Amino acid sequence: MPKLEMMLLVLLILPLSYFSAAGGQVVQGDLHSDVLARYLQRGDRDARECQVNTPGSRWGKCCLNRMCGPMCCPESHCYCIYHRRRGHGCSC
């Protein structure tokens, strides 16, 4: 089989693996959400305490403590301050 025909065959078959047999819906594995859910279920962690810095997106960073700019503070009693020339940072 020539290379072009083989490539077209692969391009035709490859997208089929992304559809479920039930209704042709795209199957999207959401590994990040699954890992986060398992993490939050351990111990006394609760998803309601999770502060996501990108509302409406399931790919945002989750902080169980206070958020400070793009990062999570390491402890619950920390607060966020702004350092001139260095940006936001946690003060504990």
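Note that Cβ sites are derived from N, Cα and C of the backbone, with glycine treated the same way.
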In Swiss-Prot, Cys80 sits in a disulfide bond; tell me which of Cys68, Cys72, Cys92 is on the other end.
Cys68
Using the record from Swiss-Prot, pick out the residue from Cys63, Cys78 that is joined to Cys72 by a disulfide.
Cys63
Among the disulfide-bonded residues Cys73, Cys78, Cys80, Cys90, Cys92, which ones place their C-alpha within 10 angstroms of the C-alpha of Cys63 (disulfide bond)?
Cys73
Quick check: of the disulfide-bonded residues listed here (Cys68, Cys72, Cys90), which one has the Cα closest to that of Cys78 (disulfide bond)?
Cys90
